């Protein structure tokens, strides 16, 4: 558990930083598995040398550590410190102007964040745990990430796999060191406004003004190496469409489409077009996938057919052994039902005390429908590896903010209900994925469940503390700052749509938003149709993702350029040596991400101490 705690702190810092910069977060299963294996293996080797080792490090222990770390870092995402929680803050509310009233804002404080997370984060673990046998054994859901993690852990615990794992860990730590040092160098030369590598107009000043420049952020170069090529290209396409074409055209209408007297950050001006058109694309993408996954889930469920399985499960003896281990340590249904009911009762009492605009009956309704949505989301994640928790959360914002109303604090009510729904659905889907990993590594489900509980508890404590460090050292949510946290303003914008409707939008913004909403649905529909009916050339692989295209509408193209560089590095590496790129690419990428991200810890401490960088590098 000590290893789990250390890695939980590390990955919480990384996820928090990524959340506060762009909100694009890759899977860290490979990094968590590698570091967990390396940490315990080093410790057991040391104990073995002094003759105190009683038993070897097993794949089951590796799985339990992995589960704990992923559960803890998962709270960093579902806690919403960079999305719905940040959207409650007075600073973000001041950017939105509308709804900036005392009952529609809440100062971010650990005194309420920590108890709120403890109340809402455990319900998802109990919501569908009783269905684990049906989803893992009866319907044989794949859970691709869970299966891949199991394959990775099983490989570690073979002689050949252990040898490769040592080399991968070595590569990870080398790139970690280089990335950490480069992060320190970047800080040294950023001693003033507009200073440092991140402010160099690499493609010219006009391109820089339109947010097209390489900011030397190796974290996102690493993220780009982990993300699929089309994700990174979609981000770049979105940046070109918005900052290269649309925003300059709309800015020419200044004084006609919106008042020339408005500040650049006003949602009634150019910022309104950026935020609400991005929201429209995200909602269109999210609602399409919500409907699509509902259809797929119902269709698959009614047919009662296996939806694919782990490639190594063909042997009947293997299946029997896995089934025996999976069924050996039962989690009683009465414990699951009792746990969920108990948490629901506590939430009905505690949440309205924290958020006065939410009443007991709002919480009751949320807890009644959450298990149904958790099942749909977990089943869909088992088929496609895609959790739609954030999309369900956006629907909750619109529903509850409209229900409560602006005068009664509907903005806060909508954002808080989003947190409740996201926490339940995300942890439920993660738990089922971990059960799949446990099933394939012969790990006790009860051990997995308790590891999830411990990891979730760690996350509930670590996440607010990590966020507090960033919040104390930097101005979070500042569009021009180091941590723009785009989802904070976007989630608040969705809540404002719920309480105010469309009347407050700038001129023609609604029409443009509707067009992009429909475009997002049509692009996704085209992708699915091509995937089903055009199998010869796989054209669907080259259609951009509307959700990814929407992110740079608000932020700009600088991080998309970083990520595309990561894709280019991986592409060239694969052309030169495909096997090495496959074996070491994820480790190198994880090292790049971890190094510069963890430089954020000493950088935050220096900022809190009032220490400024000694030099200023300007173009």
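Quick reminder: no glycine exception, Cβ is built from N, Cα and C everywhere.
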Transmembrane segment according to TrEMBL, located in which of 299-320, 387-408, 453-474: 453-474
Among ranges 411-432, 477-498, 587-608, whichever one TrEMBL labels transmembrane segment: 411-432
Of 110-131, 132-153, the range TrEMBL labels transmembrane segment: 110-131
Listed range which TrEMBL flags as transmembrane segment, given the options 187-210, 331-354: 331-354
Listed stretch, out of 110-131, 218-250, 331-354, that has the most CB pairs under 8 angstroms to the transmembrane segment (550-573): 218-250
Contact check, the transmembrane segment (360-379) vs the transmembrane segment (110-131), 3+ Cβ pairs under 8 Å, seq sep 6+: yes
Tertiary contacts of the transmembrane segment (411-432), as residues 6+ beyond its ends and Cβ separation under 8 Å: 70-71, 74, 77-80, 84-85, 87-88, 93, 99, 103-106, 116-117, 120-125, 127-129, 132, 135-136, 141, 143, 146, 347, 351, 354-355, 357-358, 362-363, 366, 370, 373-375, 377-378, 381-382, 387-390, 392-394, 396-404, 449, 452, 456, 491-492, 494-496, 498-499
Among 20-43, 218-250, 270-295, 331-354, 453-474, stretch most in contact with the transmembrane segment (110-131) (C-beta, under 8 angstroms): 331-354
Cβ-Cβ under 8 Å with the transmembrane segment (331-354): same-chain residues at least 6 beyond its ends: 112, 115-116, 119-120, 122-123, 125-127, 129-130, 132, 360, 363-364, 367, 371, 416, 420, 445-446, 449
